[in-house]
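Asks: Handing you this structure, nothing more for now.
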Amino acid sequence: MVVGTKKYSNLDFVPTISDSEDDVPILDSSDDEKVEAKKTTKKRKGKNNKKKVSEGDNLDEDVHEDLDAGFKFDLDADDTTSNFQGWNFLAEGESNKDDAEAFVKKDVDLDKIIRRKGGLVKMAHIDSKQEEETEKEKVEKENDSDDEELAMDGFGMGAPMNNGDENQSEEEEEEEEKEEEEEEEEEQEEMTLEKGGKDDEIDEEDDSEEAKADFYAPETEGDEAKKQMYENFNSLSLSRPVLKGLASLGYVKPSPIQSATIPIALLGKDIIAGAVTGSGKTAAFMIPIIERLLYKPAKIASTRVIVLLPTRELAIQVADVGKQIARFVSGITFGLAVGGLNLRQQEQMLKSRPDIVIATPGRFIDHIRNSASFNVDSVEILVMDEADRMLEEGFQDELNEIMGLLPSNRQNLLFSATMNSKIKSLVSLSLKKPVRIMIDPPKKAATKLTQEFVRIRKRDHLKPALLFNLIRKLDPTGQKRIVVFVARKETAHRLRIIMGLLGMSVGELHGSLTQEQRLDSVNKFKNLEVPVLICTDLASRGLDIPKIEVVINYDMPKSYEIYLHRVGRTARAGREGRSVTFVGESSQDRSIVRAAIKSVEENKSLTQGKALGRNVDWVQIEETNKLVESMNDTIEDILVEEKEEKEILRAEMQLRKGENMLKHKKEIQARPRRTWFQSESDKKNSKVLGALSRNKKVTNSKKRKREEAKADGNGARSYRKTKTDRIADQERTFKKQKSTNSNKKKGFKSRR
C-alpha cells in the first residue's frame, strides 16, 4: 500500500497507518539536501498530452532518483493464475531461431511436394446425400448408444455391427459366423493351454508373499498414504515459492497420487507408484524434489537429481514441468541431456553442474563417459518415469551401466501408469524397502474415457478410407486434436501423403524423423496448426498435450499395456475423451478388446467410461477407397520425388562435411574420440539374447520337469527303456552272473 498525500510529500520519513500525527518528527530541510528532480525529455503532442506533462512534472518532484517511477505493488500475486496453455516442447537453444534461420536446408518439405501434386488444396468431395445420411446416423447413434455397449462374451455382441454392408449375402455371413465360432474355440483352447503352462510356473513368475514382505516396506505405509487426501497444496507444508509456482500453473488441489507420494518422498523414502494416465505423476515427483533442493548448500554446485525417461519428447516435457514449478525458486538449475539435439551445447550446460539433470539413458551415459567436469558422485535422488518401459529388454544394458555409476546411497522414485514389475527386475536398482503406492486398480483406463471399437473383418485395404471418413465425422471443422497410432513408420508416412492428397493437413511423429522435425510436429499439433498427428508408439507414453479429444488406433498395439498408454493421451486430468480402435480378426486383437471390456465392467462403480461398438457405413467408405486407389500413381511419384530430394540434401551435407574436414582438420583430429561401454559385438549379442528371451515359449509342467532333469543330469538325456534295451540289460546281467560264478569255482579249486 502506497501513502501519497501532499502533507508528507517533502518528508524522507513516511508515516504508516499505525503512526499518529503527533508522533511524526519535524525534520529540517536544507538546500544542500534537496534532491534534483528528473525532468522528462520526451516530447508529447496534443492538448491532452500537455496536461499529462504538467502533472508528470509535479509528480517527479516527489520521486527519488533511486526509485523506479513505474514500480507498482502487486497485492494479488499469490491469487492470480496464468492461463496455462500446455507444456513447452522447445528445447534450450531451439526457441531462439533468429540465428538458426540462416542455416542450410536440411529436411525435405513434404507438404510442398503434396501441393505440387494437387493435394492440401481442398477437402475431398462427399455427396450431399451421403452427408445427410451421416447426420441421420449421428442422431441414431446418440439415441441408441446404450444398445451398442459390448458384452463380455465376445467382440461385437450386443452391438448391431456393419448394418451398412449390403453387398454381403446371407450365406457368406453364415459361413463367416461359423469360421469365427471355430476361431474362438481354437483361441479358447490356446488360452487354456497358455494358462496351464503359466499356472505351472507360478513360482517363477509371481512373487511370493514372503519375498514381497522382505523386499517392500510394510503395506500399511502405502495404505495409510492412499487414505490421506489434502484439500489444497498449503496443507502439504510446502514452501512459499513452490506454492507460488503451482498457483501460476492453476494447480489448486493435489491429485490422489500427489497426496499419497509427496509426504513420503519428502521423508527421503524409496517409492514405487502407479496411477492412471493423466493423474499428475510428473508433478508428484517434481514437487518434493524442488522442495528438498531449497535446503541444499548454496555455494556448492553439484548435480543432485537424475530423472531418466524413455523418449526425448517426454524428457523435454518433464524439463518444462520442473522449470514451471520452480520458476519462483531462486538457485535451482535444470539440465537436459537427450539425443538428437546439439551435443556441444549440452556439454557446456552440464559443465555448470545443474541441480536436476533430465535425460534419456543413452545420451546420459555418453555425457558421463565423454563430457569433461560432469560427474554423478553427489547424486541423491534417482527418478525413473515410465519405469516399466525402462525395465524392459531394450534399456536393460544401459540401465545396468547407469546403476553401476550412480552412488548406492540414494533415494529412488519409480512411476508408471502400468507399474507391475516383478521383484526380480527391481533388484538391480538397489531399492531400500520401497513404499508401494498403487492408486487405481492395475491396468485401468481413465474414468471418463469412452472406448469405441470398429470391426474390420477382412477389409484391411479400406483402413485409409475409413480413417479419412472417421476424422471427417468426428471433426468436420478441424478444431479438435486427434492422435492416430500406427504400428510402422512407413505406414505413418504413407498415411500422411494419402490424407494430404485428400485435402487433410496432418503431421507425423516417428523415429525416422530428425529431432527438429519431431519437435516441430508436436508444436504444430499443440498450436492446432495441424489438427491430426499420425504417430508410432514413440508418442504413446507420457506426452501431455492439452485438449486431445480423440485417439484412433489405426493398428492394434501388441499388448493391453501399450493400448492403455495410447488411449491415455486423451481423457486426462478428469476431462472426457474418446478412443476409436480398428480391430482385426487375430486372437491378439480380440484379447485386447476383451481386456478393455472386462476392465470397464469390473470398475463400473468407479468409472463413467463405456465400451461401445461403432457402426460404419462401408458403402460410403468403399467410394472413398476408390478415390484413394486412383491416387496410387501420385503417391508413388511423391515418394520417389521425396527420396530424390533427400539424396540431394545428403550429398550436400557430405560436401559440407568434407569442406569442414579440410578447413578445420587439426581441430577435428585433436578432439578425443568418444567412447561407449559396449563394443559392436556386445551390442549384437545383447540384441540376439533379447530376441531369444522374448520368443521363449511357455512350457507346461511335464516339459519343465524334463528340462529340470536334464539340467540336474548335466545334459544327460532321460527316456523310457525300450524292449531291446531291456533284453540287452538282461543279457548283460546273465554275463555278469556267469563270470561271478566261474570266479567263485576257480577260487574254490585253488583253496583245495
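Glycine too: its Cβ is placed from the backbone N, Cα and C atoms.
Below are the features listed in Swiss-Prot for this protein:
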REGION    1-61  region 'Disordered'
COMPBIAS  19-34  compositional bias 'Acidic residues'
COMPBIAS  40-51  compositional bias 'Basic residues'
REGION    119-223  region 'Disordered'
COMPBIAS  124-142  compositional bias 'Basic and acidic residues'
COMPBIAS  167-191  compositional bias 'Acidic residues'
COMPBIAS  200-209  compositional bias 'Acidic residues'
DOMAIN    262-437  domain 'Helicase ATP-binding'
BINDING   Ala275, Val276, Thr277, Gly278, Ser279, Gly280, Lys281, Thr282  ATP binding site
MOTIF     385-388  motif 'DEAD box'
COILED    621-667  coiled coil
REGION    673-752  region 'Disordered'
COMPBIAS  694-705  compositional bias 'Basic residues'
COMPBIAS  722-734  compositional bias 'Basic and acidic residues'
COMPBIAS  735-752  compositional bias 'Basic residues'
Asks: Other residues with Cβ within 8 Å of the Cβ centroid of Ala275, Val276, Thr277, Gly278, Ser279, Gly280, Lys281, Thr282 at the ATP site?
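Replies: The answer, listed by sequence position, is Ser255, Ile257, Ala284, Ala417, Arg572, Ala573.
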Asks: Give me the non-local Cβ neighbours of Thr282 (ATP binding site): same chain, 6+ apart in sequence, Cβ-Cβ under 8 Å, ordered along the sequence.
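Replies: Correct list: Gln317, Val318, Val321, Asp385, Gly542, Asp544.
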Asks: Quick check on the binding-site residues Thr277, Ser279: which one has the highest count of other Cβ atoms within 10 Å of its Cβ?
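Replies: That would be Thr277, with the highest Cβ count within 10 Å.
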Asks: Give the sequence-ordered list of residues that share a chain with Gly278 (ATP binding site), lie 6 or more positions from it, and have CB atoms under 8 Å from its CB.
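Replies: Listed in sequence order: Ala446, Asp544, Gly568, Ala571, Arg572, Ala573.
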Asks: Val276 (ATP binding site) has how many other Cβ neighbours within 10 Å of its own Cβ?
Replies: 24
Asks: Applying a 10 Å Cβ distance cut-off over all chains shown, what neighbour count does Gly280 (ATP binding site) have?
Replies: 20
Asks: Over all shown protein chains, what is the count of other CB atoms within 10 A of the CB belonging to Ala275 (ATP binding site)?
Replies: 24
Asks: Around the C-beta of Lys281 (ATP binding site), how many further C-beta atoms are within 10 angstroms, looking at every protein chain?
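Replies: Excluding its own Cβ, Lys281 (ATP binding site) sees 25 Cβ atoms within 10 Å.
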